[in-house]
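S.K.: Sharing a structure, written as structure tokens. Questions coming.
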Amino acid sequence: MALYSAAAAVLEGLERGDGGIKSLVYNSRFPHVRQLYALVSETLRYSPVLEKLLASAALLQAEKKLPPQLAKVLVYDLLFGKGLKCGGRWKALARRHRARLEAELARLKVQQKVSRNEDLLAPAQAESPRASQVPRYVRVNTLKTCVDDVIDFFKRQGYSYLGKAASVEELRVLSGKKFLLDLHLPELLVFPPQTDLHDNLLYTSGHIILQDKASCLPAFLLGPAAGSHVIDACAAPGNKTSHLAAILKNKGQIFAFDVDTKRLATMNTMLMRAGVTGFQLTQQDFLTVDPGDPKYGKVTYILLDPSCSGSGMVNRLPREEAAPSAERLQALAGFQRKVLSHALSFPALQRLVYSTCSLHREENEDVVHAVLREQGSAFRLVNAFPSWPCRGLAAFPGAESCLRASPADTLTHGFFVAVLERHGEGAAAPSSLPVAAEENPQRREGTEPGAAPKKRKRKKQRVK
């Protein structure tokens, strides 16, 4: 039963946008990761078919205590896999409905005039073409190592280092065992799509973080100074939190919030593996956090990446490729406006990054515009990263200060980032806050966007 529970948990994580399939599988603590990965991948591939079977057989109505994702996994293995391997009540439950499910499967084949199970799969259920063109991005964890040492390690493993990329097109044509230094982010290496590094020593030891380039932008553009107090408002699964810690050089304090206990437990494990210190994880809805609590009196930076439609993720469930309903977008946007307004109410706040993995204007430019109007002149948009090629949609004057990312234009997941800073009375002196990413938001030598990192002293934890 552990296999099916783990697979169902991965499916739930994908729906919430906690990460990609591989990262969720490898962070699941299930001992047989290849078996789990295969089951999750095949269940996803058959997901539309499984949903039709579950609906026509009325399985979830008959078994109200059966979680939908667990039902998918069980029915996949029962009808399309190698047969149920678990014992206990779930196996008995699935077998009790086997005859009805098989009858509905036969009916579906007749309706679609096919004879094989595989013929039920539409071409769209194969690997997403968006996912197949996005490179494998690897963020060097500077809490444990440096870019030069990681490059040397991969070269010893037979990879060919091609230097710093000069254009997105160079990333597009990567193949084989070749890799580049990213043209925008100074501690990001780029490998060909589908490069699997989950078993690599650098990953398992926390020296590298497998993180999409667009997902690296929020912490990079927030750029908190070492020693700062920072809030990561919707933190799990924790990649952005570990990135913040690296920028802070583990000097300062990070307050990270999430409402899900399991996600926080997984996040704690990941942060410990990455060598992160000076963080406090709290199981709490960020909206219930009191901005007037003295504990947060020194918080000057907030990273806010709230729940969204996830429409920019290239490795989402097949059924989530369709656009969300207008009602769904309205509900999400209402929540996002509320949480952004709440974040801006922290009294010492000087700089905030708002980001989503959504492509929809309703969750992005419209949210930022609405909240800025509420705030009056208290906060303003920063023209962040002027050299970034994709800008915000022209939803309001100044929206071009925001950033967008997409598989087609930036070879990343779809993403939106807006940088807000306090303006007017109570604002920090201009010299203390970067106006754009080009002005070195990470406050480290040699880390300007697009610049190759300067030579640094070798770290003690060099991987051999």
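Residue 1 is the first one shown; counting continues down the chain.
The backbone N, Cα and C atoms fix where each Cβ goes, and this holds for glycine too.
Worth saying up front: this structure is predicted, and the values here are computed from it rather than measured.
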S.K.: According to TrEMBL, which stretch among 91-118, 315-342 corresponds to the feature coiled coil?
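M.R.: So the range that TrEMBL calls coiled coil is 91-118.
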S.K.: What parts of the chain pack near the coiled coil (91-118), using Cβ distances under 8 Å and only residues at least 6 beyond its ends?
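M.R.: Residues 1, 49, 52-53, 56-57, 59, 62-63, 66, 74-75, 78-80, 84 contact the coiled coil (91-118) from elsewhere in the chain.
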S.K.: Return the single residue from the recorded positions list (Cys234, Ala236, Cys357) that has the minimum number of other CB atoms within 10 Å.
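M.R.: Among the recorded positions Cys234, Ala236, Cys357, the sparsest Cβ neighbourhood within 10 Å belongs to Cys234.
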S.K.: Could you state the whole-number distance in Å separating the C-alpha atoms of Gly238 (S-adenosyl-L-methionine binding site) and Cys357 (active site, nucleophile)?
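M.R.: Spelling it out, the Cα of Gly238 (S-adenosyl-L-methionine binding site) and the Cα of Cys357 (active site, nucleophile) are 15 Å apart.
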S.K.: Count the Cβ atoms, other than its own, that fall within 10 Å of the Cβ of Lys240 (S-adenosyl-L-methionine binding site), considering every protein chain shown.
M.R.: 25
S.K.: Given the binding-site residues Gly238, Asp285, and counting only Cβ atoms in the protein chains shown, which has the most within 10 Å of its Cβ?
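M.R.: Output for this query is Gly238.
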